[in-house]
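Chemist: Pasting in a structure now, in structure tokens, and then I'll have a few things to ask.
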Amino acid sequence: MTKFHLIGIGGAGMSVVAQLLHDAGAEVSGSDQSDSAILRQLQEQGISVYSSHDAAQVPEDAVVVVSTAIRDNNPELAQARRRGQRVIHRSQALALAATGMRFVAVAGAHGKTTTSGMLSVLLSQAKLDPSFAVGSIVKGYNSGAHLGSGDIFVAEADESDGSFLNYSPTVEIVTSVEPDHLDFYGTFEQVKTAFANFAENLVSEGVLVAFADNPGSAELAAQTRASRRVVTYGQSDSADVKIRECADTGLGQAVKIQSAQGQYTLNLAVGGIHNARNATAAWAAACELGVDPQTAAESLSAFTGTARRFDPRGEACGVRIFDDYAHHPTEVAMAVAQARKVAGEGRVIVAFQPHLYSRTLSFAQEFADALDGADLAFVSDIYRAREDERDDVDATTITTLAQRAVPSGSLADTAEQVAEQARLGDVVLTMGAGDITTAGPQILKLLKAREAQSGGMK
């Protein structure tokens, strides 16, 4: 039996790989820098986990799996290299788990997780029992990973570090190509080159499903047509699969699409034009995989969302709290727009945690513009993730360019300021790719304490 040891097993992508390898019968262990709910969940599944990094924890006969976030001086990685153990990237381990299957890779600046989740649920409803690896919990599955009995593997492909080039997909979905992850790529031209290489990795009979309304992905589609099949989707008249109408149904939306196969209605349990686009991409990919178009359309109604995608966190004092993973200006603007729609006559208050110094600096004006769509925005300290500390970039890099945003310090301070400002009818939206998700429960707790004292908010 092959053994695998995952360094940084508590990360969203790594935990999914751990579950898949474990479900496939491998002996899996792993470590992270601290305890977490994810580690406890993995332990409950029979995976050996450690809440610290120690060279003694690495099995001598294990293949060691790392993500880009793991640095060379990590004691476990250093130990594995001293021993001459095989060390592979998370994406390579994922490719191993998918050996022999039709591989669907979903990449792009926005919508990867939701589109991957939608396609996985669609294929499951169509009785194809796919395997999937999604960077968040798919509601209804209580997991972002599943090892199915079918021959299709759906994966959220991470372009942030170039690791999406480790796959040879049958189908690729590209939701957008934008100047993101410039800390890794350097320039937008290098980002576009990486996506061109990604498309070249399609198997010879493969197909690229690309968003027609985004200039970057439209350019990629045009380039790829010379060597591979391409299907585009969007609201543009040039799209192969056109979004004709989106009608609010109260519980979601009805999306009317038109393609060469005919006209279909996608009845979705999630709102927003971004989700209409994601669903259309999933529908187009499913058809390419052999699913009947009408079956594909009907199956999408079973998708109810993924964790941290405009996720309801609770209500107190007449204030509704939502949480979202948005960490790029386009995503932030879409999430704020969705909050505005939900709020109706109420206000939208945002608690935003910037992710990475480099991204904050590159998109400061764009973040400011997106946050100005709220009535009030609190910008917390930056979540630096894999980057070294810097003193030339902070929350004020954004707030000095905004009309309605203020710096708010730590997450605890941010939660207190939001709770102090929130009133009856408001929608509070916490956003970011770091640990801002913990702020929602803090805000809710503060509001409930006020509710208990006053019997409600005036």
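Even glycines carry a Cβ here, placed using N, Cα and C.
TrEMBL lists these features:
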- 4-98: domain 'Mur ligase N-terminal catalytic' (DOMAIN)
- 106-286: domain 'Mur ligase central' (DOMAIN)
- Gly108, Ala109, His110, Gly111, Lys112, Thr113, Thr114: ATP binding site (BINDING)
- 308-434: domain 'Mur ligase C-terminal' (DOMAIN)
Chemist: What does DSSP say about His110 (ATP binding site): helix, strand or coil?
Modeler: coil
Chemist: From the centroid of the CB atoms of Gly108, Ala109, His110, Gly111, Lys112, Thr113, Thr114, the recorded ATP site, which same-chain residues not already listed sit within 8 A by their CB, in sequence order?
Modeler: Val106, Thr115, Thr175, Ser176, Asn278
Chemist: Cβ neighbours within 10 Å, counted over all protein chains: which one of the binding-site residues Gly108, Gly111 has the most?
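Modeler: Sorting the candidates by Cβ neighbours within 10 Å, the top entry is Gly108.
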Chemist: Fewest other Cβ atoms within 10 Å: which of the binding-site residues His110, Lys112 wins that one? Let me know.
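Modeler: Taking His110, Lys112 as the binding-site residues, the minimal 10 Å Cβ count falls on His110.
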Chemist: Go through Thr113, Thr114, the listed binding-site residues, and name the one with the sparsest Cβ surroundings, counting other Cβ atoms within 10 Å.
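Modeler: Sparsest of the binding-site residues Thr113, Thr114 by Cβ contacts within 10 Å: Thr113.
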